[in-house]
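J.: Below is one structure. I have some questions about it.
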Amino acid sequence: MEKIFVSPQRYIQGENVLKKGLHYISSLGDKLLLITDPFVWRIAGEELASDLAHLGIEVTLANFSGESSNAEIRRIAKEAERAEVAAVVALGGGKVIDTGKAVAHQLKRAVAVVPTVASTDAPTSSISVLYSEEGKFEQYGYYPKNPELVLVDTTLLAKAPAKLLTFGIADGLATYVEARAVAKSGAQNLVGGRPTLAALAIAEKCEAVLFADGVAAYKANQQQQVTTAFDQVVEANTLLSGLGFESGGLAAAHAIHNGLTAVTGKFHQLSHGEKIAYTTLMQLLLEQDTNELERYIVLYQALGLPTTLAEMQMDSLSDQELLAIGIQATIPNETIHRMPFKITAEEVANAFQAVDAYVTKNFSQRKKD
């Protein structure tokens, strides 16, 4: 099996680059579709559309409904076809970004991704996470190309709630944990090849940055300050994690996350990053890597991320419900089968409780901000 590495064509990050970097967006065409939600439209979208109009760019607005569903993708694609747009601009969080990539794929158009939060590694990838209109995970969408442009304005991101940054840190921390498992097993990454040395090095660097600067970046974000630590964590959450997960591969943590859709509960109100934080601990426990497990718990607790079933709002789930999650997490073709050892549904169910018991016994005093 050959090695494959993929990436966006261009990645731009810095303060006020949404103003300074308009020429990168305008170079994609003179008719653009801007996908965003009403809140982001008010804080950034309206000004972006106005700035592009001053450059002679015709902007068609597509209001995002809230779910990256097939129905929403079809609806927006029809709007784009009527407007005869040359390219798509996705301005917002992960679901807006995933919808933008899907619409661009349907139309065979270029896509520019402009994240407004650093809570996800979606911007750089050629993948969308697709949900039902009710918000239930359904499938991944895989596309033949990555975005033509990713524009990351750290001034804009520093204004977002600091809690969102921690969600991105949790997602970024899963990157190396999963990529090294995939490499060890000789399994495929998400683009059908073996991970390159570059992908593994990027994933490892992502982890190193997040452990070194994660807490400092979180504190800077609370003050809406763009510091060196904040800038580096934004890059780790967005670029390093994005390249690392796609070309490095996913394993147990994301498969268990997907398995959560098997049951109902308040935990579905948690973010992707919060859920991935816990399922990453589960993968480390299944790997019997106590040193890594403890290192991750300490950082998670410093950032206020969940490390117990109570904090995951899953402490009332029955053994049967935990097993149902395990069954869903171990279905054929799930990424849990890219681990270097076999994991059963029963082992997944037991790992939920084992992580909780380990944290309760050894880390009863949570760190406070």
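From the backbone N, Cα and C atoms, a Cβ is placed for every residue, glycine too.
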J.: Suppose a student reads TrEMBL and sees Gly94, Lys95, Val96, Ile97, Asp98, Thr116, Val117, Ala118, Ser119, Ser125, Tyr131 listed for NAD(+). Which of Asp30, Asp37 should they find annotated at that same site?
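T.: As annotated by TrEMBL, Gly94, Lys95, Val96, Ile97, Asp98, Thr116, Val117, Ala118, Ser119, Ser125, Tyr131 share the NAD(+) site with Asp37, chosen from Asp30, Asp37.
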J.: Figure out which of His54, His272, His337 sits with Asp121, Asp171, His254 in the glycerol site per TrEMBL.
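T.: Within the candidate list, TrEMBL flags His272.
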J.: For the domain 'Alcohol dehydrogenase iron-type/glycerol dehydrogenase GldA' (8-154), DSSP counts of helix, strand and coil?
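T.: Per DSSP, the residues of the domain 'Alcohol dehydrogenase iron-type/glycerol dehydrogenase GldA' (8-154) fall into 55 helix, 44 strand, 48 coil.
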J.: CA-CA, which of the binding-site residues Asp121, Asp171, His254, His272 lies nearest Ile97 (NAD(+) binding site)?
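T.: Ranked by Cα distance from Ile97 (NAD(+) binding site), first place goes to Asp121.
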J.: Going by C-alpha positions, which of the binding-site residues (Asp37, Lys95, Thr116, Ala118, Ser125) is nearest Asp171 (glycerol binding site)?
T.: Ala118
J.: Can you tell which of the binding-site residues (Lys95, His254, His272) has the fewest other C-beta atoms within 10 angstroms of its C-beta?
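T.: Minimum Cβ neighbour count within 10 Å, taken over the binding-site residues Lys95, His254, His272, occurs at His272.
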J.: How many neighbouring Cβ atoms, not counting its own, are there within 10 Å of the Cβ of Asp37 (NAD(+) binding site)?
T.: 18
